[in-house]
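*Asks:* Okay, handing you the structure first.
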Amino acid sequence: DELRIGYQRSSTLMSVLRNNNSLEEKLAEQGVTIDWYEFTSGLPMLESLNVGNIDISADVADTVPIFAQAAGADLTFYASEAPSPAGQALIVLEDSDIETLEDLAGKRITVTRGAGNHYLLIAALESVGLTLDDVRVSYLPPADARAAFAQGNVDAWIAWEPFLSTSRATLETRTITDGSDGLASYTRYYLAATPYVEANPEVISTVYEALNEAGNWVNENPEEAAELLAPLWGNLDPDIVQTANLNRSYDVQPVTLEGLGEQQKIADAFFAADILPHAVDATDSPIWQPGE
Amino acid sequence: MSFSTYTETTTPVKESAASSARTALSSSKGGTHLHLKGVVKKFGELEVLKGIDLEIEKGQFIAIVGRSGCGKSTLLRLIAGLDRHNAGTLSADGHADLASTDIRLMFQDDRLLPWKSVIDNIGLGLKGDWKPRALRVLEEVGLSDKADVWPAKLSGGQRQRVALARALIHQPQLLLLDEPLGALDALTRIEMQRLIERLWQQHGFTVLLVTHDVQEAVQLADRVIVLEQGQIGMDKAVDLARPREQASADVSAIEGKVLKRVLGQ
Amino acid sequence: MSFSTYTETTTPVKESAASSARTALSSSKGGTHLHLKGVVKKFGELEVLKGIDLEIEKGQFIAIVGRSGCGKSTLLRLIAGLDRHNAGTLSADGHADLASTDIRLMFQDDRLLPWKSVIDNIGLGLKGDWKPRALRVLEEVGLSDKADVWPAKLSGGQRQRVALARALIHQPQLLLLDEPLGALDALTRIEMQRLIERLWQQHGFTVLLVTHDVQEAVQLADRVIVLEQGQIGMDKAVDLARPREQASADVSAIEGKVLKRVLGQ
Amino acid sequence: MSIASQRLASNRWADSALPWAVPIVLILLWQLAVSFGWISSRIMPAPLAVIEAGWRLTASGEIFYHLGVSFQRAALGFVIGGGIGLALGLISGLSHWGERLLDSTVQMIRNIPHLALVPLVILWFGIDETAKIFLVVLGTAFPIYLNTFHGIRNIDSNLMEMARSYGLSGWPLFTSVILPGAMSSILVGVRYSLGLMWLTLIVAETISASEGIGYLAMNAREFLQTDVVVLAIVLYALLGKLADEAARFLERRWLRWHPAYVKGD
Amino acid sequence: MSIASQRLASNRWADSALPWAVPIVLILLWQLAVSFGWISSRIMPAPLAVIEAGWRLTASGEIFYHLGVSFQRAALGFVIGGGIGLALGLISGLSHWGERLLDSTVQMIRNIPHLALVPLVILWFGIDETAKIFLVVLGTAFPIYLNTFHGIRNIDSNLMEMARSYGLSGWPLFTSVILPGAMSSILVGVRYSLGLMWLTLIVAETISASEGIGYLAMNAREFLQTDVVVLAIVLYALLGKLADEAARFLERRWLRWHPAYVKGD
Ligand SMILES: Nc1ncnc2c1ncn2[C@@H]1O[C@H](COP(=O)(O)OP(=O)(O)OP(=O)(O)O)[C@@H](O)[C@H]1O
Ligand SMILES: Nc1ncnc2c1ncn2[C@@H]1O[C@H](COP(=O)(O)OP(=O)(O)OP(=O)(O)O)[C@@H](O)[C@H]1O
Ligand SMILES: [Mg+2]
Ligand SMILES: [Mg+2]
């Protein structure tokens, strides 16, 4: 049997597993081999999961599954990482006149459409009584966003790790807010094709265990992890990688119905902002629990 | 049609033309019998041919003369099946379908393929081992040293001779020549006339020759036809024995008559 | 050069050619004096012109005859500055720079722009109100009904006449004609010969006419030059009064001599 | 005659209907495939679902808004890019030095994917309209460059020589010979450009756009709204058809003289 | 003679050096701009940094690996796509029915951005090699289609007529007339295709790739490695130059007869 795993270079735990071969070894005992599929962004990864080109995916931000659900994709949650609210933050350049969230009114802010930071922006604006209509939003992928941000084409950027730590290290920035004030918990979810989960629960179980171990290893060996990840992430300075990892929980947990409560909030916010064409029931998708 | 009979001729051009008898024609399998009845051709409003009636015997050599723009090329193109006539009937050997007849038209412009050498242009459409034959025709039109040259590097008269060679090598049953010698000097012209006459005598195909040189017409043809205002203005048989003397009184007399008609006197 | 003198002629072609006197030339401002010394032209290995020495007086009418491929067109192209010679000198009115001379060459092929109507082809390169003049020349070459037709719809002889009209309308100081009448019937040919002669007499430009028709050469030219193997084989002055009778004994005598030379007898 | 006109009428019918045959068959197959469940409608929407999405966006006027915005960007980029391409193509085509200097550079820049260029474009032009239009300029300039270059190179050199020797140069030479001679090739370039105009726009509209058809498509893709994705594809196809009709219109208008572009069989 | 050969030598030098003049000047300006701090090296790396990145990737062999993988995809896609484009172009160009049936559809499909098509391609072909090669096929087929079509249309109809009337049809007609006649245009199509080959590959390599030059570029872009992004752009430019040289080589080889493609002034 083959297990087709989709991952991104920025998928920390999958990258760790891919590098230390531990998942391969464990699955080999079950007679399963792995095919790794690398994607340059989360979008084509879920596309592929939806049409059945891969079986399971690495982590994606909490907002992403909602769009897949809206499109009727047949996906199952099989793991999540505990919230990392500090993993994304709204930053401005040092000399910016933006001091508080209120100052954002009328300003130009860049986020990535449908990514975790998109929701953080909505939530942050809402917390001070603003909506997306009160600011000028520029939707850009992180690479373009950083160029636009550094050039001063936009006034603020909501970056996520590892781009956040990189920017903090190389540009003079200030942080206006991150998700830690209860704005957005920034949970990352692991998804799989439902038919595959139903047919191979024991494989999912093994993957879940391995991810859990990898998370623990990263948290316990930050330096080694940074050394491992730095070359994968475009030859970043290992110190920056270490800083970035500190903002992520890497605590792999089972998905719970309560945990999906925030998902519903996100879905409703996107629907209210006209970003989703119709309302979505976030709890609609099956959840795989360890021990099943 | 094979070129085999051609290969038997080893005597040089001049003598051959003089010595080969008129009887050569009868021994050959002959050309096409052509019959035109009330053929009309219009280009939009312009009626170029206004009902042409013409019957041409197998193996006859016809010369067509007429003023510039009177419809000579148009007539040849109709017979060759390259244009459609608007009224009347055309038939070859009794068949209305001219496509099945073996016809070659030497166009008024040379139409050499610029991307093929002279020799390959002559070999166009030939099958089998045509190279030696092509080289021989090329020699007969006096261009054996130009075999591997691109057409763009030829002089005007040389291009015309290559086009002539290309038409002659096929030896079709019906050969249509549209001013084949217009760009040639006097001497080359006489040589080419002799070449055409000799091949015609050997193979007995039917020839329609459009020319502006009335002397040439009388010299070569069995019948000279003058096209005038879209109709046949004169149809003059030339019943002179061959080989014909270039400046004989008989030839000059007929030439004078035809020329008078052409000059509208 | 303006076309104004042209407009003064209102008499029809035939009479005008007959009545205009030789003296018209002397009153005109005259053409180019041309001087060639040891002009050599090679195409790769092929030495086409092997040292041509030629001096042409202002306003002379020169005819050049010679076998196909002997280098007539090449010579005209050198004089027109379209090709470079490999050795020797060319000069016009004493200047080595031919580019500054007012020359028009009528090419052997017609070179009409397919995307311009006949009248626009004739007007090519003219400035000001050239339409009426163009229409008048077009009438003189007998094609006034074809003014707005695309060149693709003309017969071979019609195309040649349009090219002739295009060359004549410029009335340059040096007019080079490369077989301008090769595709024309006897009558049209005579008309065009008269037209060329009349214009030459009116404007007195220098003319170099390449032709295969020796009679035409003798009829029109002050001097007939025979090109042979890349050199001038014969340079025959034709000292006959104009207008010349078509079939006069004088003309025939000279014609006979030149023809003999051309035929290599 | 009546048969001919009937044939013409049926031809006209076929001419306008046939081009739609293949697309319609494809759409029917697709609807069938979805209806019979060969393809899950979850991952590939049925044509009817796409029509519904189209209807929804049309009714809300959204689609026209997006099209309008894109059209403005496209048109502006095309005009600038086409102009630059034409200018560079003329320089390269007309001067050997221009070709040496420019051609390599242009060919190199042409080969850089817009997608890879986006970060640099943002650096240079920010994230507003300028950046988007710059990308369209880049995309549309090259086809016109390449085809102008090619078209000029392939102008019959005999015609160029004629025009030059008839005193044409500069602007008159350009309008009389170069432009019409290269036109059929330039129009092929225009066809490409009109297509690429929309293609580059989709990349351009990933740069911080919130309107435009490229935005519509990429936005839908991001949110896995396959019906809108397919709708956008259909829109692009129709825009392609439109651009093609525009190019055809220009061809019919500017290439009337060209036998290959005249309607009829 | 010696002057001529000197001129030739200096020409040859200029011919090979000049094309690099513009790129080198651009690079120097860029280095200066970064050195003098007009552009922050934080957001735009200096040429030296790019060279360094290139050296790093070369030393580790990585770059050759990526190039190799991409090259395989590109070549396979080009061969298939070029073949399809040629075949469809021949059908459309040679048969009026073919044009009616195919041309519109092809023009519509051509206009669909690959980026928009990716979701459907994933659906049809999965995320493995097939999908990537399919996109390259799509990208390379259309330029060759369009230029083959255009090239065939623009073959001199007189030559086609001549060839047909000389008994050519089918394969011989194709190899003797159609292919060489359309070749210069087809080669322009090949130039486009060779460029688009790399362009589509970058889109194709966003579909789950972990090797290839497109992957290298997009991956670097994602991680803000501007030096590698710029390196990739330079690589694309060089590949464009290479493709162009290949096309030129074919032009020189197959268009030897064509005056415009012969070397020398
Ligand atoms: N561009 C060229 N390259 C090579 N050879 C050439 C070129 N142009 C002409 N020639 C050769 O030079 C010779 C003279 O050519 P030219 O055109 O001057 O002849 P011509 O006297 O005008 O003949 P014609 O009466 O047939 O027109 C010919 O043998 C021809 O093959
Ligand atoms: N395709 C066409 N469309 C319209 N008119 C045409 C077309 N072809 C020829 N014509 C006209 O038909 C007439 C006869 O042309 P044709 O070519 O048969 O003349 P021709 O007798 O061969 O003349 P020439 O001796 O000058 O070659 C001319 O007036 C010409 O303008
Ligand atoms: Mg004719
Ligand atoms: Mg000549």
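For all residues, glycine too, the Cβ spot is worked out from N, Cα and C.
TrEMBL entries are annotated by machine, without manual review.
Okay, so TrEMBL annotates it like this:
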type: DOMAIN; residues: E:67-247; note: domain 'ABC transmembrane type-1'
type: TRANSMEM; residues: E:20-39; note: transmembrane segment
type: TRANSMEM; residues: E:74-96; note: transmembrane segment
type: TRANSMEM; residues: E:108-126; note: transmembrane segment
type: TRANSMEM; residues: E:133-150; note: transmembrane segment
type: TRANSMEM; residues: E:170-189; note: transmembrane segment
type: TRANSMEM; residues: E:196-217; note: transmembrane segment
type: TRANSMEM; residues: E:223-243; note: transmembrane segment
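If you look at the structure here, what lies around each of the features I listed?
*Replies:* Residues 45-48, 237 of the same chain lie 6+ residues outside the transmembrane segment (E:20-39) yet bring a C-beta within less than 8 angstroms of a C-beta in it.
Under 8 Å from some Cβ of the transmembrane segment (E:74-96) lie the Cβ atoms of residues 102-103, 106, 132-153, 174, 178, 182, 186, 189-190, 193-194, 197-198, 200-201, all in the same chain and six or more residues away from its ends.
Only residues 6 or more beyond the boundaries of the transmembrane segment (E:108-126), in the same chain, are considered here, and those with a CB under 8 A from a CB of the stretch are 134-135, 138-139, 142, 145-146, 200, 203-204, 206-207.
Residues 73-74, 76-78, 80-82, 84-86, 88-90, 92-93, 99, 103, 106, 109-110, 114, 117-118, 121, 124-125, 182, 185-186, 188-190, 192-194, 196-197, 199-201, 203-204, 207 of the same chain lie 6 or more positions beyond the ends of the transmembrane segment (E:133-150) yet place their CB under 8 Å from a CB of it.
For the transmembrane segment (E:223-243), the residues of the chain that approach it from at least six positions outside its boundaries are 23, 43-45, 49-50, 52-54, 57, 63, 67, 191, 194-195, 197-198, 213, 216-217, judged by C-beta separation under 8 angstroms.
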